Amino acid sequence: MAELDTLDIIVLAAILLGTVAYFTKGKLWGVAKDPYASSLAAANGAKAGKTRNIVEKMEESGKNCIIFYGSQTGTAEDYASRLAKEGKSRYGLETMVADLEDYDYDNLDAIPSDKVVMFVLATYGEGEPTDNAVDFYEFINGDSPQFTSDNEPALGNLNYVAFGLGNNTYEHYNIMVRNVDKALEKLGAHRIGAAGEGDDGAGTMEEDFLAWKDPMWKDLAEKMGLEEREAVYEPIFGIVDRDTLTAESPEVYLGEPNKTHLDGTPKGPFNAHNPYIAPIAESYELFNVKDRNCLHMEVDISASNLSYQTGDHLAVWPTNPGEEVDRFLNVLGLGEKRKSVISVKALEPTAKVPFPTPTTFDAIARYHMEICAPVSRQFLATLAPFAPDEASKAEMTKLGGDKDYFHEKINVHHLNIGRVLEIVGKGKKWSNVPFSVFIEGITKLQPRYYSISSSSLEQPKKISITAVVEEQKLPGRDDPFRGVSTNYLLALKQKQNGDPNPSPYGLTYEITGPRNRYDGIHLPVHVRHSNFKLPSDPLKPVIMIGPGTGVAPFRGFVRERRKMVENGQAVGKTILFFGCRKSTEDFLYCKEWEEAKQIMGDSFELVSAFSRENGSKVYVQHRLKERSKEINELLEKKAYFYVCGDAANMAREVNNVLAQIISEERGVPEAKAEDIVKNMRASNQYQEDVWS
């Protein structure tokens with residue numbers, strides 16, 4: 001027999017190794033499973049060990065009601081969780097909450113008719129599905145979605161419920177839930193109750209949700225033969241004291257998002273499940289006046305796998321201010337236990353613990369819970385049975401049950417949970433409330449998204465953002481309501497520029513991060529790709545409307561085209577309409593526009609509008625109307641039209657003015673002009689990046 005050469009030995013060894021692996025399932029060299037490995041698995045798109053078959057999942061876990069969510073900022077996920085808890089406690093349903101991206105949809109036809117599927121779907125941006133709902137939306141709205149059986153109609157067995165989250169300042173208001181509802185009905189599915197719609201633009205999202213769900217439950221109970229019972233709190237999560245561990249123990253999470261961050265070796269891909277701790281390359285204030293200031297911040301992504309395109313968004317992962325963390329823990333009687341180590345365990349198989357454990361009460365409140373967000377009326381009703389005395393219980397019951405009273409006492413003041421408990425309890429500790437109630441009832445702290453104000457052509461490895469530091473003075477409240485993320489950014493800017501103990505507006509933040517990993521000059525981030533983009537043809541004219549920090553993506557656009565000109569490339573007409581209060585106060589990037597003009601010549605023009613400079617208030621829409629003839633001519637040359645900023649007022653008025661311009665300049669009825677504008681939107685010739 002011929003001797004085996006080296007290659008033969010390697011091949012045989014590989015085959016042997018594969019055979020052993022197959023029959024032992026890797027147990028011979030397996031390592032202990034990280035209890036929070038799901039974070040990193042999600043970060044890498046892996047769902048190891050989890051079935052993507054929803055029917056199989058419901059059967060193995062004994063569920064008869066699944067609530068799917070499509071969520072971008074966490075609100076839809078929160079509503080889905082609330083529906084699951086209420087369905088179980090009030091009607092005895094066996095509920096589970098499910099992320100749409102975790103499952104396949106071709107077997108929706110196999111869900112038995114004695115079970116129900118709920119869809120809680122947010123509409124993102126200009127009528128787009130949220131990131132986790134893209135595949136589902138494309139599947140269900142496809143020309144002929146393929147299911148596992150040949151049922152006729154395809155989804156004749158499916159009973160479903162639908163609620164949408166939208167914003168009426170956008171043209172495609174709640175289009176996600178409307179289109180999904182239409183597609184499901186077309187496929188033969190049976191909707192139970194009305195399809196609900198919440199309106200963030202009108203500020204009525206919470207009340208819209210509450211008004212929808214009560215008749216929905218009544219219809220569902222009738223359809224499925226359910227009997228309502230007295231709702232009793234049943235925890236989804238168990239809290240276990242870990243007395244053998246301290247906050248210094250290496251296995252204790254102090255705010256790290258997953259195991260690789262805990263080990264100090266974070267790995268990509270960096271995304272919505274796994275942030276990159278980016279060095280802050282530069283930060284400064286663009287203006288600083290009595291009641292407002294604005295930041296420019298640049299982060300370095302050169303040591304990561306992150307990339308971006310001009311027009312994308314940077315997601316910033318904030319932390320809560322120390323004052324509110326202290327307030328929250330103290331009112332619960334946990335101030336002295338803040339560094340105590342606990343584990344949080346799911347008490348039912350489909351529940352997901354929303355942060356890694358073991359951890360501390362301080363880390364949960366600081367890094368993982370939206371404790372600064374305005375509190376919901378339904379959550380106050382949940383807390384009433386655990387009140388420290390009868391007077392507090394009666395007040396919480398009234399606040400939870402009386403919409404007008406809640407609005408007057410809580411909503412208009414934007415009170416968070418810690419402040420409400422302080423006021424209602426009149427200084428008494430709410431130590432009777434199981435901590436699991438807060439884990440289940442308070443939304444997970446979400447990243448904040450900022451339009452990127454740099455050009456990837458000019459600086460591919462550095463990302464800049466532009467942010468006004470937010471505060472809102474409210475009647476009947478001593479201190480202003482302050483934005484969590486922008487004040488956190490201001491503290492980082494102060495630290496990066498030499499202040500050893502920054503405290504913007506008296507607020508302090510753990511800017512050094514868990515275990516000093518951020519050291520005050522790093523920021524957890526990821527990139528979210530956007531469809532808000534310059535035309536692929538650089539010769540196309542562009543018209544940009546961006547007052548205030550709405551100018552952020554247009555700084556990136558202008559710098560992109562400026563760089564093209566520097567590289568010897570021709571570009572089309574580039575007009576920017578920028579508005580602010582005064583030319584001497586908040587004129588963002590004033591010198592940069594002058595430099596762009598010198599380099600780009602006649603291809604670039606800045607049109608400014610100052611609302612507080614003279615007696616009359618001049619806004620960008622006024623300047624746009626003044627240039628009617630030129631704007632129409634550019635549009636007839638297929639110019640791209642962009643708007644960024646306030647959706648409720650500015651963006652809506654710009655839309656109306658544009659229709660007026662087209663009507664007057666082309667001599668067509670205003671209804672026809674409005675149709676032209678709608679067609680521009682549909683073809684991406686008109687793009688918006690707006691917020692309410």
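Every residue number used here counts from 1 along the chain in the order it is shown.
Cβ coordinates come from backbone N, Cα and C, glycine included.
Where the annotation comes from TrEMBL, it is an automatic prediction and has not been curated.
Under the heading transmembrane segment, TrEMBL lists 6-24. Summarising the annotation, TrEMBL assigns domain 'Flavodoxin-like' to 65-217. Summarising the annotation, TrEMBL assigns FMN binding site to 71-76, 122-125, 165-174, D200. As annotated by TrEMBL, domain 'FAD-binding FR-type' applies to 273-521. Annotation source TrEMBL lists NADP(+) binding site at R292, T549, S611, R612, K617, V618, Y619, V620, Q621, E653. TrEMBL lists R448, Y449, Y450, S451, T466, A467, V468, G483, V484, S485, T486, W691 with the feature FAD binding site.
Burial estimate for the binding-site residues (R292, R448, K617): highest at R448, by number of other CB atoms within 10 Å.
Long-range C-beta contacts of A122 (FMN binding site), restricted to its own chain and to partners at least six residues apart, with a cutoff below 8 Å, comprise G70, S71, Q72, T73, T75, A76, T130, G164, L165, G166, M176. Of all Cα pairs drawn from R292, T549, S611, R612, K617, V618, Y619, V620, Q621, E653, which the record names as binding NADP(+), the longest spans 25 Å.
The binding residues for FAD are recorded as R448, Y449, Y450, S451, T466, A467, V468, G483, V484, S485, T486, W691; their greatest pairwise CA distance is 17 Å. Among the binding-site residues listed here, namely G74, G125, N167, Y170, S611, G74 has its C-alpha nearest to that of T486 (FAD binding site).
Comparing CA positions across the binding-site residues G125, R448, V468, V484, the one lying closest to K617 (NADP(+) binding site) turns out to be V468.
Nearest neighbour of G74 (FMN binding site) by Cα distance, taken over the binding-site residues R448, S611, Y619: R448. The Cβ of S611 has fewer other Cβ atoms within 10 Å than any other of the binding-site residues S71, N167, S611. Using Cα positions, the member of the binding-site residues Y170, R292, Q621 nearest to V484 (FAD binding site) is identified as R292. Cα of Y619 (NADP(+) binding site) to Cα of Y170 (FMN binding site): a span of 20 Å.
Between the CA atoms of R448 (FAD binding site) and G125 (FMN binding site) there is a gap of 14 Å.
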